[in-house]
Each structure stands twice: as C-alpha cells, then as structure tokens.
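Since the structure comes first, as structure tokens, the remarks are kept for the end.
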There are 2 protein chains.
Amino acid sequence: MRLKDLGERALLGKLAPIGYPPGAPLPPGDDAGGVWVGEVAWLLKTDGFLYREVALLGMGPFEVGFRGVAATASDLLCKMGRPLGFTLGLFLPPDLEEAFVLELVKGAAEAAGRLGAVLLGGDTNAGEEVALTVSGFAQAEVPLPRRALPGDLLYLAGDRWGRTGAAIQAHYQARDLGAYPEIREAAFYPLPRLELLSLKGLLRGGLDSSDGLAETLWQLSEQGVRVDLEALPLYPDVLAFAGDEALAHELVLYGGEEFEAVLAVPPEQEAQVLARAKGAGLPLFRAGQVSEGEGVYFLGTPVKRRGYVHF
Amino acid sequence: MRLKDLGERALLGKLAPIGYPPGAPLPPGDDAGGVWVGEVAWLLKTDGFLYREVALLGMGPFEVGFRGVAATASDLLCKMGRPLGFTLGLFLPPDLEEAFVLELVKGAAEAAGRLGAVLLGGDTNAGEEVALTVSGFAQAEVPLPRRALPGDLLYLAGDRWGRTGAAIQAHYQARDLGAYPEIREAAFYPLPRLELLSLKGLLRGGLDSSDGLAETLWQLSEQGVRVDLEALPLYPDVLAFAGDEALAHELVLYGGEEFEAVLAVPPEQEAQVLARAKGAGLPLFRAGQVSEGEGVYFLGTPVKRRGYVHF
C-alpha cells in the first residue's frame, strides 16, 4: 500500500514498535522514546519538517530554527525530561545563501539556550529544498507517558492555545498580525516550558500538543477513556482575531503548533499541582475531565477528529 | 556567499561553534558532540543522507536503513561512546510503498540490535525524495577527541579499508560483486565495532573514517601535526578487484563509507593496545606515525586531499 493511502498515523503505528525495547520508560509511539540508565530515564526524540511548511508570513530562518528546537523540546518536556542538548540534520539547496543557514542555526541555539540546553552539532546535506530534523536528549527521573484514568482532571498548560492557530490562519489569509503581538510571539517563538518539570511525580499523564488540541485529545482517548471538555481557554486577542466565540473555539481546537502540554491530573493531586504551578509561574487551565468510555466531547457535543497529517 | 561557493567544510566550520558549550567532553566540530553528566560524557550525533546517494547497486531499503544507523554509531564508537539508542527522521514521497519504509526501519533496527542498542522512534514527513537522518546517543567514560601528538603511532581499525571504495566503484561501473563477497558485505552491512571500546583510556585520539581515509588523515593533520603513512592495508580481494597495487591504494585512500576508526596510539601504550585488541577480536593495522609539521604523506609522497563533499 502507498503511504498516501495508508496515512501517516497508521504508518507511525507500524513503525514505532520496530526495534523498540521492552520495559522502556515510555511505550513505543509516545512523544519520545527512552531507555533506563540506572534509575534515570534517558529520552531521545527527533522531529523533522520542511522549511516551507512551517515558515509563516514574516518568519525567517532564525524563527524556523527556533521553532525546530522548540518542537523537539516540547516532546521531551511533556515527558518530564529536562533537555540537555540538540543536534540538527540539515538538507540545503547548494544555491542557498550562507547567511540563511547561520540564522537558522542561531535561532536553534537561542531556543536551546533559553531552555538551559546546548547545540551539539549536526550534519549538512544537499537537498532540493530546505528541510530539517532536530534531535534532542533529556533526563527524566519520573518519565510521564500519554495516559489518563477515569476520574482524572484535564489541564492545559501554557498560554498559546488558539494563538498559534490564529497565526496559521493569518498566514493563509495574508492577514497582518501587527495588532496581535501575543499571537505573533506565540507562533514565532513558541518556547516550551521548563516550568512543567515542577510538576514531576504529581501527574498521571502528559501529551505534547502540536497537531492541534482536538487531535491530541483523540490520541488521549485512544488510551481507552472518554474525554469531556467543559471549557476552553479563550484569550481576548484570540477572540478579537476570530471575530466570534465559535470561530475562536475552532482556533483553540484545531490550531496546532502550540508546543504546549495537555496534562491528566489525579483529583487527589490537584491542589498540589495548582500550588506548584503557581509557584513556578506556569499557567494552567482546567479544561475538563476524563471518564470511562471513548471519544472526545465539548459540552456534550462530539469533537471532530481532524489534525495535520503529512500523508 | 552561496553554499556551493563556500563549500561544505567551511560551512560546517562556521556552524559547529554556534550554541556549543564551553568545557564539553569533545570540541565543536568533532565526530560527535556531548555534555558531561557527573563523570560520564553523554554524546549525541546526527547524520543525514539522501537515499539515492548511498544506495549502491543491489542495496535495498533494508541495507540503507542499516547503513544509516551504522554511520551514526561509528561516530559515537570512535569517540569511545557506547551507543544506547537511535531515532530516525524520515522524508518520504507520498507515493512510496509502505513495504519500502518498513524494510528501511527494520534494517536500522537490525544494525542497532547488533550493537546492543535500540530504536527509539522518530518522525515522518512528506518529501520530494527519500531522505533520512539518524540520531544516536551514547555514554562515554573516557571520550576520545580527534587528536594526535608527535610521536604517536597511527593505526587503522577494522577490515573494510579499500573494500567500501571498491563497492562504490563497482556501483558506478555497473560491475557485479558476485565474485567479491567480502567487498559486498563491507559495503552493504558496515557494522561499526563495539570492540573499539576495549581500548578505552589507552588512545590519544580517534576519528571516524567516512569521507575516505585521505580526507580523515587531513582532518587529523589540521590538529597541527604531520601524518606519515608507511603502509596501507591491502586485502587480496581489493587487489584482485582493482587490478594492480596502485589502483588498490587509491581505493584505500579515497574509498569512503568505511565507518571504521583511525586511531592515534601513544608509543608507550602500543603493546597494551595490541593485546587488548587481540583479546577483543578487533583487527588493527599499523599504518604510520605522527610527527611535528603538517600535511599527509604516503612513503614520503604528499597525499592529495580529496573527499566527498555535498556542496
């Protein structure tokens, strides 16, 4: 079967178990892979993308390099891994200007540095168009899988919900973001949150949201639970950008590229989670809860599954 | 300046220091990067390539996946790093058959498994042609930089010298390798050598040879030394394939894709290095020595610098 007929999710489902070790800190197909070394989980993650697919209007190579490290770091941080270092795999047309590549790598270094991590080199190859992979490794004392149990509360970390979706929509509509500085910042410099690590040991599960919140919640529900959204974060600028509440909800549910965390919190840990997050300065939004069953619902209405896939 | 005018080596020289940490276990631009975690160096390496550039006549996706992990693992092992896990970054045309991708990943898993390591997932993207990056992480108690001091002896590890060069030449000449099983094996399944780790703590320096022996020795000489080759390993099958000794020497010097190690051995450690290598079953060939000065020579004649570059 051809990849375009199989679909990316089905392909990844078939690839993930190949060569993956039994007894690993995280199951195959999770946001990152890992091995135990003594009592510490060492996580490794690679994320790749084409430059033209992620460079929104106004973004340059610096922002795309930044975004690349952010994407990989977000996967590691959602697993409670503290990122240590990143490498880049670059495919570059020979006609490309040197300055472009330097800016790309400087953007990657900026994101790594703001996460307390470093760049550890990489590799360059000639390619038809600019494409990148970013790999990162991290240490996790209590690695956090994609998981939720009935009764768990659903929290959204960070404040990029709907904002990155708005920026992507602005790109396709060639709409200027001058009046929306926080939307622009969220999409151009989506720094994942080291503050997540303050919740170590308190959570049931965590997922990186990069294909959109709805898709992420559907992936959570595939663990064998029903997800009920009771509220969505709605920032004034996202509401103003969207024009009305229903359109703003669409941006929150189907935006993508947030590089924020979806967290399953056991009810008995909620008070401590909120206290620690407050102490660390991590925004947390209580979005709903998890119960027995299947599917994803928003105020009782089914949430359609639609997210970005490459095939 | 455009990349094709700048050249790949110059580009890598400019990129390597960006974001690279001071006091790291290995300097920027070495075969792998790393950070200290306690008293252990954690190394990270990414290597990328286009499928069509490395798939020799008769190789399929399994062999190319195997070769990808081998390339990254070789860089890690030459630094005395024990590889733990690998991830893949895949760019795939949507028209590609699923079976092709499964074979590619199975080949990668085979190489990882034969090195006592695992696959830890990865990422897929649509791309115009099949391209891969392979990332790997490793632990090194005594990380080994690219380095040599005057007086050091030069050893070549492994037995693929000239063989991979012969296979590449056979590919471009559409010559059948049926009569040369060891040449075929060396090129199709170039497993790096875990046995190198038996030399931990005894060596001055090590370099991965993947752009050809001559280029590798030139990189060594850039550390501020003169390299004198006194002999080259010449296997009967390589000699038979090449037709005469001079042509066989060309294959050894300019072959590439060996994924073998070039080692600088302090003379006072030579006896113990040989004993340990013998005990571990690691082939070692004494090729020459290092002295003050610059350049690379074979029996007094300058060795031309010519290796594979992408730009």
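Using the three backbone atoms N, Cα and C, a Cβ is placed for every residue, glycine included.
TrEMBL: automatically predicted annotations, no manual curation.
Here TrEMBL flags A:29-138 as domain 'PurM-like N-terminal'. Secondary structure of the domain 'PurM-like N-terminal' (A:29-138), assigned with DSSP and counted as helix (H, G, I), strand (E, B) and coil, comes to 39 helix, 45 strand, 26 coil.
Under 8 Å, Cβ to Cβ, and six or more positions away along its own chain, A:Asp31 (Mg(2+) 4 binding site) finds A:Lys45, A:Asp75, A:Leu76, A:Cys78, A:Lys79, A:Arg146, A:Leu207, A:Asp208. Positions annotated as Mg(2+) 4 binding site by TrEMBL: A:Asp31, A:Asp75.
A sphere of 10 angstroms centred on the C-beta of A:Asp75 (Mg(2+) 4 binding site) encloses 28 other C-beta atoms. Taken from TrEMBL, the feature Mg(2+) 3 binding site covers A:Asp31, A:Asp75, A:Asp208.
Counting only same-chain residues six or more apart in sequence, the Cβ atoms lying under 8 angstroms from the Cβ of A:Asp123 (Mg(2+) 1 binding site) belong to A:Thr87, A:Leu88, A:Gly89, A:Leu90. What TrEMBL lists as Mg(2+) 1 binding site is A:Thr46, A:Asp47, A:Asp123.
Residues or ranges marked as Mg(2+) 2 binding site in TrEMBL: A:Asp47, A:Asp75.
Marked as ATP binding site by TrEMBL: A:Gly122, A:Asp123, A:Arg146, A:Ser210. A:Arg146 (ATP binding site) carries neither a helix nor a strand DSSP state and counts as coil.
Among the features that TrEMBL reports, domain 'PurM-like C-terminal' is placed at A:150-296.
According to TrEMBL, the Mg(2+) 5 binding site annotation covers A:Asp211.
Sequence annotations record features per position, and here TrEMBL assigns substrate binding site to A:Glu257, A:Tyr308. The Cβ of A:Glu257 (substrate binding site) has A:Val54, A:Arg67, A:Thr164, A:Gly165, A:Ile168, A:Ala187, A:Pro190, A:Ser210 as same-chain neighbours under 8 Å, each 6 or more residues away in sequence.
Geometry remark: A:Asp47 (Mg(2+) 1 binding site) versus A:Asp211 (Mg(2+) 5 binding site), CA distance 13 Å.
For A:Asp211 (Mg(2+) 5 binding site) paired with A:Thr46 (Mg(2+) 1 binding site), the C-alpha to C-alpha distance reads 16 Å. On a Cα basis, A:Gly122 (ATP binding site) lies 12 Å away from A:Thr46 (Mg(2+) 1 binding site).
Farthest C-alpha pair in the ATP-binding residues A:Gly122, A:Asp123, A:Arg146, A:Ser210: 31 Å apart.
Chain B comes close to A:Thr46, A:Gly122, taken from the binding-site residues A:Asp31, A:Thr46, A:Asp75, A:Gly122, A:Asp211 by a C-beta to C-beta distance under 8 angstroms. When pLDDT values are averaged over the domain 'PurM-like N-terminal' (A:29-138), the model yields 97. The sparsest Cβ neighbourhood within 10 Å, among the listed binding-site residues (A:Thr46, A:Ser210), is found at A:Ser210. Excluding A:Asp31, A:Asp75, A:Asp208, which define the Mg(2+) 3 site, the same chain contributes A:Asp30, A:Ala32, A:Lys45, A:Ser74, A:Leu76, A:Leu77, A:Cys78, A:Lys79, A:Leu207, A:Ser210 within 8 Å (Cβ to the Cβ centroid), listed in sequence order.
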